[in-house]
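Q: There's a structure below that I have some questions on.
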Amino acid sequence: MPPWADAVLVPVISLLLAFAISAVVILLIGESPWAALKVMVTGALGSSYGWGFTLYYATNFIFTGLAVSVAYHAGLFNIGGEGQAAMGGLGVALVLLAVPWPHWALALPAAMVGASAFGALWALIPAWLQARRGSHIVITTIMFNFIAAALLNYVLVNILRPVGSMDPASARFPQAAHLPKLGEIAASLGFAWGKNTPANVTLFIALGACVLVWLLIWRTRLGYEIRAFGRSEKAALYAGISPTRITVVAMLISGGLAGLMAINNVMGESERLVLNAVEGAGFIGIAVALMGRNHPFGILLAALLFGFLYQGGGELALWTTIPRELITVIQALVILFTGALDNLVRMPLERLWLNRGRG
Amino acid sequence: MNYSIALEVLDSAVRLMTPLLLACLAGLYSERSGVFDIGLEGKMLMAAFTSASVAYVTGNVWLGLAAGIGGAMAMALVHGLASITFRGNQLISGVAINFLASGLTVLLGQKWFGLGGRSPALEGGARFSPVTLPGADALAGVPIFGPLYREVISGHTPLVYVAFLAVPLTWWLLYRTRFGLRLRAVGENPASVDTAGVSVVRLRYGAVAIAGLLCGLAGAYLATGLSAGFVKEMTAGRGFIALAALIFAKWRPWPALGATFLFALLEALANRYPEISLGPLTIPSMFMNTLPYILTVIILAGFVGRAIPPRAGGQPYVKER
């Protein structure tokens, strides 16, 4: 089978299968899939308001998708994006509350350091345990998601909560640290676009991260080592690549990327740290990375698709009787078909190609 | 803490450990056969939903139980297809199953009952009622043992006893039968089982189906025994605690009983004492609830005993290699 078929045809057919079954699910709950699709498209893409939300969600998913993919290139399945992004939020909050920032352009790099450092730190422990103690990274990252949630709950309730407030949330970040929203930028340029939507300058950082991850994985020595290690641990060891170093470095980058997501949701949107700020984006990263075939460009496309699904799903819940959870089902089917069942599509396709070659 | 409070905590621990134990044994069968299963949570959730729905509609808890088993088995079949037949990534399949259950239960629940993902409250014959073991009242007068027997051992719903009986049964099946020998072998070295002329695929499907059955019991117990109806996300991470207990127990049935009891006891204590004060130090309930996960990480790190999973776990078996 030619490489393009494996890279494009297999995921596209898997995706279509996932969508077909989603349509059947919608039919089963007595709604019209066509009408649902129309609500989703107009709600997510039909106005600059919809686009503002779609791009905001897509920004989250780019970070978590890249995070999952960097680990995946090293043969590590990082399910801990949720916890790492939550800890990244704590990093952002601590940085922004500790210093009275005079301008967002100064606050942003500092918050980025805080976010990625906390995310990376949260990934470091499972990485080290996998590299040195042989404990399976999937299990430890799952455990670390729960531990992060509990830790954050404790910190918000007992430490960061302002005196007199009943809300388990931190104080508001200083006004000067407010990140420009895309809608505000458009307004200052004199046209109305995406008013009152949370999409902000973090989108450009996410796009930059895509380019950097592409450079890292395919254009640097470290990226080569990561891929070699992911393909064959034995061969990598023989080539003088240290498994411990690659495992730890890949997970640090992965956790850092997941943590960076907090710039978008914590600093850019809510402007204070609240409970469950990540809203499952860490898990959606898994679907995004699988669908994007672990390539930054694929991840960008997949993140846009999931941004559309997320925003469209919200509109669906608003205007029809179909609950938001439809998105969870679609997400599950995408993960199932593009991740676990891709041989279901690949096997017949390979047979097709073999027969064609023979004939 | 006096004796009667201790009994109350123990009683609640027994209730809370039942779904954990059933799910833990489910994971044990699956993983012993070489199929990793992080979808325990999803299967349990699906079972909780289907059992509550059918029990509500028919008013019969036994039909609910059957539906619960059916729901979990359907999910187990998906896992089997992905990880055995199509040799997909078992971890990814497990993740997908968790999401599938989490979404489908709310979607279908909203469609059927319109209560935002809840099922209506179950009453009467739609719930499991407690069983009083023989002699519970007669022995109540016996000091120490009498109250223990009446409060902690007697007075649970049938599934609790099923869960406890499943432990010796699993032990016997695993270590004293031909099926058990093959099951353990296929998780360590599937090629040897294949060479002996036993079907790896059939054995693994069998194990995955047993896991579905046990998750079905666990979910049905949650919705129709422990509480009266289905609530969105009601498994609340129990599938992952069961997974943690499985690692704690090093994939063995009797230690699984101990591990799930320990974790349930922690939960029962955290429920009863939201904050435990030890003089100058106050332990918050969040810490108690997280303790199973922290303990598992410590065990996995090999600082306290080493947990080595079945060798062929996670790898699809390819005959021609």
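Note: Cβ is positioned from N, Cα and C throughout, glycine not excepted.
Please treat TrEMBL annotations as automatic predictions, because they have not gone through curation.
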Q: Of the ranges B:45-64, B:65-84, which one does TrEMBL list as transmembrane segment?
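A: So the range that TrEMBL calls transmembrane segment is B:65-84.
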Q: Please tell me whether the transmembrane segment (B:65-84) and the transmembrane segment (B:291-308) touch - that is, whether there are at least 3 C-beta pairs under 8 Å between them, with each pair 6 or more apart in sequence.
A: no
Q: For the transmembrane segment (B:12-30) and the transmembrane segment (B:207-231), check the count of CB pairs under 8 Å (sequence separation 6 or more) and say whether it reaches 3 or more.
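A: Since 3 or more Cβ pairs under 8 Å link them, the transmembrane segment (B:12-30) and the transmembrane segment (B:207-231) do come into contact.
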Q: Could you check if the transmembrane segment (B:207-231) is in contact with the transmembrane segment (B:158-175), meaning 3+ Cβ pairs under 8 Å among residue pairs at least 6 apart in sequence?
A: yes
